[in-house]
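Reviewing the structure listed below.
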Amino acid sequence: MERITVTLGERSYPITIAAGLFNEPASFLPLKSGDQVMLVTNETLAPLYLDKVRGVLERAGVNVDSVILPDGEQYKSLTVLDTVFTALLKKPHGRDTTLVALGGGVIGDLTGFAAASYQRGVRFIQVPTTLLSQVDSSVGGKTAVNHPLGKNMIGAFYQPASVVVDLDCLKTLPARELASGLAEVIKYGIILDADFFTWLEGNLDALLRLDGPAMAYCIRRCCELKAEVVAADEREAGLRALLNLGHTFGHAIEAEMGYGNWLHGEAVAAGIVMAARASERLGQFSSTDTQRIIALLERAGLPVNGPCEMSAQDYLPHMLRDKKVLAGELRLVLPLAIGKSEVRGGVSHEVVLSAIADCQQA
């Protein structure tokens, strides 16, 4: 069992990583006998895990209710968020309740925002079931729902009480979802850790076949990197923005193509290559390193080009709504070398459009 702490003073919390955690009541810190819980999951995961998690909590004396939501990025919305509030109010659940997010990034983000909002804030626990949510979205307290005009535009910074990563969940993950998570894994190597990127080049095949020790190390390293960044810059005033490599381009793809048609990691993968091409055009990044990135993404089964249905011009309206925009100026996360990156303002639209055009599908 691995345990990492996200250090935020009185709001610090553990990330527990191991196989078989759903069998252990002690995994679900800080729940105790007599607590009230609302389990939030989706229609795909409920048959797989809901009864198992409910059972282990009830055997520990926890009072458990549940709400099952539709599955998909398109349901990460205010309308579906209201379903959670209604379920909480009907029981009813008070300020001493705990929401448990049992699912991937959509469930985690939506449940976290529900917890931040319900009766001005209640406790919640992240139980991520996808690789993407285990290495990224469950850690750090970013919670949100989407708006038709932009991804994650309505939300709050709100930290969980704990994160429970059961490696066994990856056994039921579709191959496309596994690849989507690997985009975020590869991102960490590009922006923060050249040695980890090199390790990924040598161990990607092991990750694709869900090798236990390799996957445990991979998730632990990603969580360590994320925890260090969040501890230093919880509200994304500087360093934390680096975690958005590829996301400004990727969010444009998700919004333009319709949420759910491109998985988040797929869009981020294409966006990472666009960011690398932009950095190349600015003389900040080598074409050799871009090719290393492309090769690793392709081995992971990820796209390295944007959708053929989008022109370069289609990206800009979405990118100009990005949360990093200041005074109407685009700010992009750009790689400088494998393991090093920066947030750069003043990147011209010409450079951005050229980088996108370099990465458009024929």
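Cβ coordinates are placed from backbone N, Cα and C, and glycine is handled just like the others.
Per Swiss-Prot, these features apply:
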BINDING   71-76, 105-109, 129-130, Lys142, Lys151, 169-172  NAD(+) binding site
BINDING   Glu184, His247, His264  Zn(2+) binding site
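All features noted in Swiss-Prot, drawn onto the structure.
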residue: Asp71; record: NAD(+) binding site; contacts (Cβ under 8 Å, 6+ apart): Asn42, Glu43, Thr44, Leu45, Val106
residue: Gln74; record: NAD(+) binding site; contacts (Cβ under 8 Å, 6+ apart): Gly258, Tyr259, Gly260
residue: Gly105; record: NAD(+) binding site; contacts (Cβ under 8 Å, 6+ apart): Pro128, Thr130, Leu132, Ser133, Asp136, Ser137, Ser138, His264
residue: Gly108; record: NAD(+) binding site; contacts (Cβ under 8 Å, 6+ apart): Ala101, Gln126, Pro128, Ser133, Ser137, Ser138, Thr143
residue: Cys169; record: NAD(+) binding site; contacts (Cβ under 8 Å, 6+ apart): Tyr49, Pro128, Thr129, Thr130, Gln134
residue: Thr172; record: NAD(+) binding site; contacts (Cβ under 8 Å, 6+ apart): Leu48, Thr129
residue: Glu184; record: Zn(2+) binding site; contacts (Cβ under 8 Å, 6+ apart): Leu131, Leu132, Val135, Asp136, Cys222, Gly265, Val268
residue: His247; record: Zn(2+) binding site; contacts (Cβ under 8 Å, 6+ apart): Val268, Gly271, Val333
What is the set of residues, excluding Glu184, His247, His264, whose C-beta falls within 8 angstroms of the centroid of the C-beta atoms at the Zn(2+) site?
Leu132, Asp136, Ser137, Ala183, Lys187, Gly246, Gly250, Gly265, Ala267, Val268
Neighbour count (Cβ, 10 Å) for His264 (Zn(2+) binding site):
29
Collapsed DSSP category at Thr130 (NAD(+) binding site):
coil
